[in-house]
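A quick write-up on the structure given underneath.
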Amino acid sequence: MFVLNRSSGLIHRSVPLLAQVSTPTTSTTKLAQLHTTHALSKEDYYKTLGVDKKSDAKAIKKAYFQLAKKYHPDVNKTKEAQTKFQEISEAYEVLSDDTKRQEYDAYGSGGGPAGGRGGAGGFHHHGNVDVNEIFRRAFGGGGGMGGFNFDNFAQSAFGHSAAQEMVMDISFEEAVRGATKNVSVNVVEDCLKCHGTQVEPGHKKTSCPYCNGTGAVSQRLQGGFFYQTTCNRCRGSGHYNKNPCQECEGEGQTVQRRQVSFNVPAGTNNGDSLKFQVGKNQLFVRFNVAPSLKFRREKDDIHCDVDISLAQAVLGGTVKVPGINGDTYVHIPAGTGSHTKMRLTGKGVKRLHSYGNGDQYMHIKVTVPKYLTAEQKQIMLAWAATEQLKDGTIKGLEKNQKTEEKETKKNEEKKSEGASESQKRRSEPVAENAETIDENQENEGFFEKIKRKIFG
């Protein structure tokens with residue numbers, strides 16, 4: 001790209017994709033270069049945003065927002081989206097500023113309206129494009145997009161309307177105990193600049209010239225009949241706003257960010273909604289309760305698992321049990337088995353729509369040690385020796401049990417009269433040792449056996 005200097009007649013070669021900046025009026029002369037996406041033609045800015053050249057500031061801002069939702073780098077990670085977002089940000093920066101827009105409409109970017117009769121080089125964009133700064137100026141909030149959720153746009157600092165419903169994540173403990181939460185929401189309030197008058201400060205509304213301040217106009221029908229309709233110009237107000245407020249665009253209200261504090265009721269369930277008033281606005285907060293690692297909730301009752309040792313299960317004792325309002329010690333009766341269910345009355349969740357609290361249920365689990373010390377094993381064997389088993393055996397006590405069974409049988413045989421010795425031998429069979437025979441040795445002759453005995 002070459003730029004003609006008309007005063008000197010020289011042709012200077014400019015760097016591609018760098019917009020030229022006019023010389024500042026201060027004593028220090030600097031050239032602030034703007035890295036643009038491409039050389040835009042006169043219609044390009046409008047085409048980039050998808051708006052007409054007659055679009056007002058509100059339509060341009062809305063179009064920019066719709067495109068930002070689609071191409072912002074925090075939402076769309078592709079390189080094409082980054083380039084597109086740079087383009088729409090550049091276009092919005094020019095078209096949202098009245099002075100820059102007038103200059104752009106007059107000169108374009110590649111020459112004047114007649115194709116080159118404008119100023120040298122046509123329209124040149126001044127300053128550095130910071131897409132985050134442009135976005136911040138357009139919609140408020142921080143420059144970055146961290147934590148920005150386009151699905152909940154109305155709840156964010158960048159929204160065009162007040163938030164009517166929002167979802168809040170709370171912990172299990174906050175839900176059952178209650179908590180105080182702070183949140184930032186969008187509300188529609190009177191414009192801070194015009195205070196709801198819709199008129200630029202220093203000006204007043206005038207009487208509507210189309211209805212003479214009546215708010216209605218008369219129209220004549222065929223047959224000589226007349227009927228009145230609402231004035232389309234003033235919409236029935238009877239006033240004409242010649243100087244609308246620039247901040248609210250004559251609406252009298254703007255979306256403003258408010259910090260509000262509210263109480264989460266104790267006993268809140270997952271999915272419950274809370275309605276409260278923020279100025280003139282109603283806000284519904286729906287709670288998303290995170291699951292607990294300790295408790296399981298069933299309506300107003302809570303359940304928890306409690307581990308006890310083998311000795312506690314047999315002998316009884318006390319155990320520390322977690323609760324929603326703090327830990328407590330509970331007595332464990334002697335002989336408590338695993339999966340025993342115990343109840344603590346009134347230790348559950350506070351009832352939202354009635355008095356009192358639910359109950360807390362403990363599910364006992366007896367923990368059995370996998371490894372024992374030598375001392376512990378001897379103690380367990382001594383205890384096991386005193387047990388009367390109906391079926392089965394205990395590892396480590398098999399020999400003692402077999403000896404006792406033999407002695408019992410002998411005593412029974414002595415008491416029985418007329419029992420023969422053969423019957424006693426049959427009642428006490430003795431296992432014999434069997435020799436293992438090789439199949440090849442079974443078919444050997446007499447001399448082969450002698451030879452094998454002598455020579456091996």
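Even glycines carry a Cβ here, placed using N, Cα and C.
Taken from Swiss-Prot, the feature compositional bias 'Basic and acidic residues' applies to 395-429.
As annotated by Swiss-Prot, domain 'J' applies to 44-108, with the evidence given as sequence analysis. Averaged across the domain 'J' (44-108), the predicted model reaches a pLDDT of 81.
According to Swiss-Prot, the region 'Disordered' annotation covers 395-443.
Annotation comment: Swiss-Prot describes 208-215 (among others) as repeat 'CXXCXGXG motif'.
Look at the repeat 'CXXCXGXG motif' (231-238): DSSP puts its residues at 0 helix, 0 strand, 8 coil. According to Swiss-Prot, the repeat 'CXXCXGXG motif' annotation covers 231-238 (among others).
As annotated by Swiss-Prot, repeat 'CXXCXGXG motif' applies to 245-252 (among others).
Marked as zinc finger by Swiss-Prot: 178-257.
Here the repeat 'CXXCXGXG motif' (208-215) has long-range neighbours at 230-234, 236-240, meaning same-chain residues at least 6 beyond its ends whose C-beta is under 8 angstroms from one of its own. Counting residues of the zinc finger (178-257) by DSSP class, helix then strand then coil, yields 0 helix, 33 strand, 47 coil. In terms of DSSP helix, strand and coil, the domain 'J' (44-108) has 48 helix, 0 strand, 17 coil.
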